[in-house]
């Protein structure tokens with residue numbers, strides 16, 4: 001893709017998200033979501049590979065369905081109450097339909113089945129955009145509508161944490177594993193969004209940092225499955241040593257940064273007298289932790305010798321460690337001791 005076209009599509013991607021951020025009218029929010037969807041589809045199909053074209057087609061159909069459902073619910077609300085304001089949703093049916101439409105856009109369970117297949121058809125850069133930037137606009141709308149049925153969000157959150165961990169257990173492709181990781185992390189955010197939106201936004205920020213780090217590491221190592229992880233040490237030993245720490249941070253183990261949002265969410269659920277929900281979320285997170293440990297095992301304990309057929313990738317090219325990657329990896333591994341000061345500023 002030429003630099004001019006890439007610039008236009010990336011600008012449209014940012015413009016669509018910012019339009020949704022700034023809108024208080026459902027029609028403008030819908031327009032922003034549609035601009036966002038149409039801008040990323042050429043980026044998904046730029047490789048002209050059958051898998052990429054299939055992923056772009058599936059993504060278009062899913063997002064168009066979710067956007068049409070959202071517009072239908074907002075029209076129902078405007079028909080009943082005569083206004084289009086996002087924060088003035090009054091009818092429970094409209095709020096429930098919009099919540100489910102945004103869940104479909106985000107890829108929350110049980111409407112998550114499209115996300116792993118689409119991730120598998122994309123390259124690492126486009127999959128990173130889909131896992132991070134494309135979550136912003138629906139997530140901000142979900143914060144603004146404030147659903148009256150609290151049990152719906154609790155169900156979406158717990159089922160996403162459980163299915164995100166369960167679905168990643170038998171996967172060998174890294175992009176599918178990261179897709180289920182995205183589903184599980186979004187479940188944590190949705191679980192707490194109605195009680196403490198600031199904690200939910202903090203969780204989203206931490207998720208973005210950790211996801212950027214792991215996607216970039218896998219891209220620089222040219223790793224696409226678990227078997228290729230065991231030979232990535234010959235390309236860059238330092239990054240191969242750093243990747244298990246980032247994976248364990250994604251799993252939420254202390255003293256890494258990923259422990260912070262899970263700790264705060266469980267504490268807030270306990271403060272809301274929802275100890276059973278906190279227990280179920282913590283136990284479901286152990287499933288995700290298992291496949292992170294499996295990836296860490298593939299990176300550290302199987303580095304040599306390797307009896308796979310084929311040639312090992314040797315250090316024929318210089319692997320460039322960019323400054324953003326170095327910063328994000330440092331934050332992912334080392335920021336937890338600064339958590340009290342950070343929370344004082346943010347919360």
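Going from the start of the chain as shown, residues are counted 1 onward.
Cβ coordinates come from backbone N, Cα and C, glycine included.
On a predicted model such as this, the values are computed, not experimentally measured, just so you know.
If you look up TrEMBL, you'll see 23-287 marked as domain 'NADH:quinone oxidoreductase/Mrp antiporter transmembrane'.
Here TrEMBL flags 57-81 (among others) as transmembrane segment. Long-range contacts of the transmembrane segment (57-81) within the same chain, counting only residues at least 6 positions beyond its ends with a Cβ under 8 Å from a Cβ of the stretch, are 26-27, 30, 33-34, 37, 40-41, 44, 88-91, 93-95, 97-98, 100-102, 104-105, 114, 117-118, 130.
Residues annotated as transmembrane segment in TrEMBL: 93-115 (among others).
TrEMBL lists 151-170 (among others) with the feature transmembrane segment.
If one looks beyond the transmembrane segment (177-195) by at least 6 residues along the same chain, the residues whose Cβ comes under 8 Å of a Cβ in the stretch are 103, 106-109, 112, 115-116, 118-120, 127, 131, 135, 139, 142-143, 146-147, 150, 153-154, 156-165, 167-168, 171, 203-204, 207, 211, 214-215, 250, 261-262, 265, 268-269, 272, 277, 281, 284-285, 288, 291-292, 295. The transmembrane segment annotation in TrEMBL covers 177-195 (among others).
Within the chain, the transmembrane segment (201-220) has long-range Cβ neighbours (under 8 A, six or more residues past its boundaries) at 123-125, 127-128, 131-132, 135, 139, 143, 174, 178, 181-182, 185, 188-189, 192, 235-236, 239, 242-243, 246-247, 249-250, 257-258, 260-261, 264-265, 319-322, 324-325, 328-329, 331-332, 343, 346-347. Feature annotation from TrEMBL assigns transmembrane segment to 201-220 (among others).
Taken from TrEMBL, the feature transmembrane segment covers 232-253 (among others).
Within the chain carrying the transmembrane segment (273-293), a Cβ under 8 angstroms from the stretch's Cβ atoms is held by residues 154, 157-158, 161-162, 164-166, 168-169, 171, 177, 180-181, 184, 187-188, 191, 247-248, 250-253, 262, 265-266, all 6 or more beyond its ends. If you look up TrEMBL, you'll see 273-293 (among others) marked as transmembrane segment.
The domain 'NADH dehydrogenase subunit 2 C-terminal' annotation in TrEMBL covers 289-343.
The transmembrane segment feature in TrEMBL is assigned to 314-339 (among others).
Counting only same-chain residues 6+ beyond the ends of the transmembrane segment (93-115), those with a CB under 8 A from a CB of the stretch are 33, 58-59, 62-63, 65-67, 69-70, 72-74, 76-77, 80, 135, 138-139, 141-142, 145, 147-149, 152-153, 156-157, 159-160, 162-164, 179, 182-183, 186-187, 190. If you average pLDDT over the domain 'NADH dehydrogenase subunit 2 C-terminal' (289-343) in this model, you get 69.
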